[in-house]
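Asks: My structure is below; once you've seen it, I'll send some questions.
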């Protein structure tokens, strides 16, 4: 991805969040120069847990079709130490018709919440013993209501609705085409993007970046430059 595209994406997402009255912590606005001036030891939790901005096209070259913009607000250590929080929270911007590819988590249990905008479509499959999609019915809980659906069902979440996804359940999601972008919340157990994501089709979690212009903000996988 080009840095200029990432700058534009983040600018658009910040506007979208503002339209939905979403307020982020101050470090969401820190430029690279501001990060350079900080006492990095005081910010180790942000660095270690990859709090902050994340822009990905999942290693592909078409962000509009396959991509996601998110901000991790809080998280804990995967093994419980040194950061003892047992929960995580993200806020996400899913653009109209933009797909997050099919994947599951080995350990993370998460609630995906449509906080506003258009409709969110979630496609669900059980994983078989070979980590492929299974033909068995899936069972999920939507806003406290336990439901059974056929394999590969695509469930529509309108604003205000949420779904609980257990570990090992394949899921892909996108904003329903023609209904606009979606503000998505995620509340979960500890998030570990380095070790707890399994994609049905192997892909890269982060994109290589072509530095065609200066970065306006810092992504969560770029903090190493400040340590």
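First residue shown is number 1, and so on along the chain.
Here the Cβ of each residue, glycine as well, is placed from N, Cα and C on the backbone.
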Asks: Per Swiss-Prot, what member of 96, 193 joins 90, 103, 104, 105, 106, 107, 108, 109, 110, 171, 186 in binding D-fructose at one site?
Replies: 193
Asks: For 104, 106, listed as binding-site residues, tell me which one has the smallest number of other Cβ atoms within 10 Å.
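Replies: Lowest Cβ count within 10 Å among the binding-site residues (104, 106) is 106.
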